[in-house]
């Protein structure tokens, strides 16, 4: 036995075994990865080895003390990566990417969120390191570097494992690396650590795209957006011409709370009533990615899709954009954003200059006291009340944007502000969520009253829009309880990406309200609002279309490649009936829309990575 690889390299073998087990345990318990087949389970089991084996194998080139130090450090680093991804996944249902690391400035404002997601059991992931340290102290014996033939055999096996992983990935999802909008599929197929390497390479390629871009790069994109343009409904074009715009972004607000009750009390009584006097959209989807609220701002302003990795507000703040703010400025509109948080959060102070916004009211412009604030900033009621007074001083017409805060993860609220009982389910987060949504709804009601008091209501177009989901897939069991379902399917998860979108034009929509049932998303907001203001968008490079146009093809694509039409929902490589939620026998029915979804996301990425709008007037 003395000549065996295990006997000579016990510390290495134990290090590999423990790291393999830890990674697989995190796959199963830390992430909500959908495993449908035995092949997918096999891939999940073996893919950690295709990274751990070659990395830890470096220890074969080192003598005993250096080898053990290297393996312990490698184990520690990979464990930290696992825990960091688990915490990140707990909120975003996503994995850390390189651009996210440049958002470290946000962490100072996220203390309560990280605390909510950190689990004491994470400490158990370091137990193997303690064992390895004790093992190293008790089993010291002279050791030289491994023989060349041993290293060759070891790396031959490592290469075989890597090739096996890639082959299985290709069988499961052909051309996976070429069409990588779905990070979950990448992690399931090639592994978490390998995904981080792939992401690093992708970001390097994206950075180089800007250097090699030229004026010809924008031509194909112009041709696509011009061909996809939908003419506005002339009966609605210019309905709000000359009016002020008051656009309120509703933090973490999803549509499933609308017209729902807890213990007989409505969660959103004000919005429920306002919908009856407005243009509202039943199948309106959030399309954000890792930038969350900042992504929703970006999408609305530009009618482009956000970056697949990181937040555009951080990674592309030096690029050129043809925002709605700039377009409306040509029609004498003054623009302002109100947000009672620090101006540097999400790099807003820099990006708002890039967007052409005239004025940014941040936390320093508001009167904030311990009693009127939360961990994220000023409470919604006080924020909107103070904002209404500031709004009156702006030059008119104006386009104003407000970003609420109280309904923010982890959805905590003072007892004095609680207007409804918590929901009763297996998720404390969902239980609290209904109370912060209820408070937000009451704050909106109060805001409308203040607008009337300030004389700003009648001559304005008032818009409410949810920015992104608040309750992630990690709480699907409780969500099924809320919705009265046995389980939440992938189809249901897509439906839960619906957010409120309400356009209220006093004197018009209260006389002729309308509920639009067609599929649409945040990318459609820019042309919809511009056309209501009487500003034509034909010729603009935008991927959205006027939601009120009868010429529009109902369609919404999420950033991960899932999409929705009036007939189909496509997600997790499966085509569903939009009406029934059942898996379709004819899976090819979704193919034409899948091509459209991939093309739009790819073209939008080219604009962002190449800074192509600098070549367009």
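Even glycines carry a Cβ here, placed using N, Cα and C.
Source: prediction; values computed, not measured.
According to Swiss-Prot, the protein has these features:
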ACT_SITE  293  active site
BINDING   251, 293, 467, 468  Mn(2+) binding site
BINDING   408  substrate binding site
TOPO_DOM  1-10  topological domain 'Cytoplasmic'
TOPO_DOM  32-41  topological domain 'Extracellular'
TOPO_DOM  63-68  topological domain 'Cytoplasmic'
TOPO_DOM  90-115  topological domain 'Extracellular'
TOPO_DOM  137-153  topological domain 'Cytoplasmic'
TOPO_DOM  172-617  topological domain 'Extracellular'
TRANSMEM  11-31  transmembrane segment
TRANSMEM  42-62  transmembrane segment
TRANSMEM  69-89  transmembrane segment
TRANSMEM  116-136  transmembrane segment
TRANSMEM  154-171  transmembrane segment
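If you take the Cα of residue 293 (active site) and the Cα of residue 467 (Mn(2+) binding site), they are about 6 angstrom apart, rounded to a whole number. Across the structure, residue 467 (Mn(2+) binding site) and residue 408 (substrate binding site) are spaced 11 Å apart at their Cα atoms. With pairs at least 6 apart in sequence, the transmembrane segment (69-89) and the transmembrane segment (11-31) have 3 or more Cβ pairs within the 8 Å limit; the two touch. In the three-state DSSP classification, the residue listed as 'active site' falls within a helix. Same-chain residues lying 6+ beyond the ends of the topological domain 'Extracellular' (32-41) with a Cβ under 8 Å from its Cβ atoms: 89, 93, 168, 171-172, 184, 187-188, 473-474, 476, 490, 572. Residue environment of residue 251 (Mn(2+) binding site) contains 25 other Cβ atoms, counted within 10 Å of its Cβ in all protein chains. Residue density at residue 408 (substrate binding site): 23 other Cβ atoms are found within 10 A of its Cβ, drawing on all protein chains shown. Residue 408 (substrate binding site) sits 11 Å from residue 468 (Mn(2+) binding site), counting Cα to Cα.
In the structure as shown, the Cβ atom of residue 467 (Mn(2+) binding site) sits within 10 Å of 25 other Cβ atoms.
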